[in-house]
Amino acid sequence: MFDRLNEEVLGDGKIGTTGRGIGPTYADKANRVGIRIVDLVHPRRLRGQVETAVAQKNLVLRALGREEINVDDVLT
(Lines of atoms letter the chains of each structure in order from A; the text may use other names.)
(Lines give C-alpha, C1' and ligand atoms only; values in the text may rest on other atoms or scores of the structure.)
Protein backbone atom coordinates (compact mmCIF):
# COMPACT_ATOMS: atom_id res chain seq x y z
CA MET A 1 0.00 0.00 0.00
CA PHE A 2 2.62 2.54 1.06
CA ASP A 3 5.05 1.67 -1.71
CA ARG A 4 2.36 2.30 -4.30
CA LEU A 5 1.36 5.55 -2.60
CA ASN A 6 4.99 6.66 -2.68
CA GLU A 7 5.18 5.88 -6.39
CA GLU A 8 2.03 7.92 -6.94
CA VAL A 9 3.51 10.90 -5.10
CA LEU A 10 6.80 10.64 -7.03
CA GLY A 11 4.99 10.76 -10.39
CA ASP A 12 7.52 10.77 -13.24
CA GLY A 13 10.34 10.26 -10.72
CA LYS A 14 8.97 6.92 -9.53
CA ILE A 15 11.41 4.09 -8.95
CA GLY A 16 9.34 1.16 -10.23
CA THR A 17 8.41 -0.70 -7.06
CA THR A 18 7.13 -4.28 -7.11
CA GLY A 19 4.25 -3.20 -4.87
CA ARG A 20 4.92 -6.00 -2.37
CA GLY A 21 5.80 -3.75 0.56
CA ILE A 22 9.48 -4.61 0.75
CA GLY A 23 10.71 -0.99 0.78
CA PRO A 24 8.27 0.19 3.47
CA THR A 25 9.12 -2.89 5.57
CA TYR A 26 12.83 -2.10 5.47
CA ALA A 27 12.07 1.57 6.18
CA ASP A 28 10.10 0.57 9.29
CA LYS A 29 12.96 -1.69 10.39
CA ALA A 30 15.55 1.05 9.87
CA ASN A 31 13.37 3.54 11.74
CA ARG A 32 12.90 0.97 14.52
CA VAL A 33 9.11 1.10 14.31
CA GLY A 34 8.57 -2.30 12.71
CA ILE A 35 6.74 -5.11 14.49
CA ARG A 36 8.80 -8.29 14.84
CA ILE A 37 7.64 -11.91 14.91
CA VAL A 38 8.69 -12.17 18.57
CA ASP A 39 6.25 -9.35 19.37
CA LEU A 40 3.33 -11.60 18.39
CA VAL A 41 3.64 -13.67 21.58
CA HIS A 42 2.86 -10.68 23.84
CA PRO A 43 -0.71 -9.63 22.93
CA ARG A 44 -0.90 -6.55 25.17
CA ARG A 45 2.46 -5.23 24.08
CA LEU A 46 1.61 -6.07 20.47
CA ARG A 47 -1.57 -4.00 20.59
CA GLY A 48 0.37 -0.99 21.84
CA GLN A 49 2.94 -1.39 19.08
CA VAL A 50 0.21 -1.72 16.45
CA GLU A 51 -1.54 1.37 17.83
CA THR A 52 1.71 3.34 17.52
CA ALA A 53 2.41 2.06 14.01
CA VAL A 54 -1.15 2.75 12.86
CA ALA A 55 -1.00 6.29 14.26
CA GLN A 56 2.21 6.94 12.31
CA LYS A 57 0.86 5.44 9.09
CA ASN A 58 -2.41 7.33 9.46
CA LEU A 59 -0.49 10.62 9.52
CA VAL A 60 0.81 9.81 6.06
CA LEU A 61 -2.55 8.57 4.80
CA ARG A 62 -4.33 11.64 6.14
CA ALA A 63 -1.78 13.96 4.49
CA LEU A 64 -2.40 12.20 1.18
CA GLY A 65 -6.18 12.36 1.58
CA ARG A 66 -6.52 8.58 1.87
CA GLU A 67 -8.67 6.39 4.09
CA GLU A 68 -7.09 5.72 7.46
CA ILE A 69 -6.23 2.31 8.90
CA ASN A 70 -8.13 0.92 11.89
CA VAL A 71 -6.18 -0.82 14.69
CA ASP A 72 -8.82 -3.52 15.15
CA ASP A 73 -8.78 -4.31 11.42
CA VAL A 74 -5.01 -4.79 11.59
CA LEU A 75 -5.27 -7.11 14.60
CA THR A 76 -8.01 -9.34 13.15
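Backbone N, Cα and C define each Cβ position, glycine as well.
Owing to the predicted nature of the structure, the values given are computational and were not obtained by experimental measurement.
What TrEMBL lists as active site is Lys29. Listed in sequence order, the residues of the same chain lying 6 or more apart from Lys29 (active site) and placing their CB within less than 8 Å of its CB: none are present.
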Where does Lys29 (active site) sit in DSSP terms: helix, strand, or coil? helix
